[in-house]
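Annotated features, as they stand in TrEMBL:
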BINDING   Cys287, Cys367, Cys384, Cys424  [4Fe-4S] cluster binding site
DOMAIN    278-448  domain 'DNA primase large subunit C-terminal'
REGION    461-486  region 'Disordered'
Amino acid sequence: MEFSGRLRKKLRLACDQKNACYPHSLQFYLQPPSENISLIEFENLAIDRVKLLKAVENLGVSYVKGTEQYQNKLEAEIRKLKFSYRENLEDEYEPRRRDHISHFILRLAYCQSEDLRRWFIQQEMDLLRFRFNILPKDKIQNFLKDSHLHFEAISDEEKTLREQEIIASSPSLNGVKWESESVYKIPFADALDLFRGRRVYLEDGFAYVPLKDIVAIILNEFRANLSKALALTARSLPTVQSDERLQPLLNHLSHSYTGQDYSTQRNAGKISLDQIDSLSTKSFPPCMRQLHKALRDNHHLRHGGRMQYGLFLKGIGLTLEQALQFWKQEFIKGKMDPDKFDKGYSYNIRHSFGKEGKRTDYTPFSCMKIILTNPPSQGDYHGCPFRHSDPELLKQKLQAFKISPTGISQILDLVKGTHYQVACQKYFEMTHNVDDCGFSLNHPNQFFLESQRLLTGGKDIKKESSQPETPQPKPSVQKTRDAASALASLNSSLETELEGLEDYFTLED
């Protein structure tokens, strides 16, 4: 009996020590893992983490983040992949360990370029937001302390003293029960975004931030820390890449799972220049539709617009010869001398097709790149209309696109909540008369291909001169696939692609 008591005590101590390594279901990943793992486990953890982040991405553009449906779907995906997500669950050491190690593995794969870093940071931020939103209130202060965030919840007396000022300054408190809401005293410099939006109460150099708003500050801190960490990881990457066992796996991960880049032109040469006007009204996303209209109206686009629209046209099938002809014809209509075009603009077009300079074959811009980089200034037409347009101007554009008043209201509500890709998906559904588009939109060229697939019944685009445009009968398409089946399709395709990894890599323990 004495022996069994000692054994139980040893097991309990060992369990407590393990739990101390990962006190929470979420973390800032401030310390890298130090244990040894086999290459097989290294590979499996990396693949599972990518599956998780792809699920985060697809659910984020299929549902409004933070809604009950979004939360439930994402929780199911995390549970299926055996990662941590909730506090107070039994046997949480292994899921939290998997979460910790897999995050650092993907840092190695996704630090290699700006686009990869941007994608990785965005998905990790969304994952952290989800976990924080379901973190019990009594665990928040310890999490902040463990993450080196010196944010203290104020006392009930302090809260009562400043009740009127805080409620008047914080729109997020509308409809919230004040007595149950925690308020945090934060240095003013950490709450600049809330201050710019006039959404926080300031006093003596401190911001008094309700719990509902503190997640934005936490995410900003997380983004800054992770961005810096990825830059440092990129510097040390040559050392890791010298290991012949790891380099193929890291390269394969970074190239295979950030979504299709639409650089391969399966339809190259299948679209004629005469079709572009018709296609722009039927199958172009709003960002490309406005660029095409601006080009036709002004016979010119600035560099940002030429890059965004030119690479999109390349992705839908325009050849280099067609692109040169298309841009030259339009610019000459704007009274540009043909010789000036040949000397000043044709080089850039050939360069984008990989025929000049470093011979880089540039890929069309994704939604994330358009939304997050190179915002348009006055006189520009590139960017995302849902992200970069004034609400009243966006409303006018949607009216010109024949969107119903109810539809416009739904889209503007999504834009107000910063759900730009979901708003574009809603635009797709309304212009194609489907209840659910059945895919997660993350690329303008994906919008075009899905539109053509719907309008042509899955047939290849035929190269022919466009006839005078007639009203298109709305396709009799039932609700195609809901987002859950789209996600299942994603997982299925990932599983298929991953089946060959064991043959692709020769990994030994």
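Glycine residues also receive a Cβ, built from the backbone N, Cα and C atoms like all the rest.
Because TrEMBL annotations are produced automatically, they should be read as predictions rather than curated entries.
Averaged over the domain 'DNA primase large subunit C-terminal' (278-448), the predicted model reaches a pLDDT of 93. In sequence order, Pro285, Pro286, Cys367, Cys384, Phe386, Leu441, Phe447 are the residues of the chain that are 6 or more apart from Cys424 ([4Fe-4S] cluster binding site) and have a CB within less than 8 Å of its CB. Within the same chain, residues at least six positions away from Cys287 ([4Fe-4S] cluster binding site) with a Cβ under 8 Å of its Cβ are Gln308, Ile370, His382, Gly383, Cys384, Pro385, Pro444.
Excluding the listed site residues Cys287, Cys367, Cys384, Cys424, the same chain places Pro285, Pro286, Ile370, Ile371, Pro385, Phe386, Arg387, Tyr420, Gln421, Pro444 with Cβ atoms within 8 Å of the centre of the [4Fe-4S] cluster site Cβ atoms. Here the binding-site residues are Cys367, Cys384, and the one whose Cβ sees the fewest other Cβ atoms within 10 Å is Cys367.
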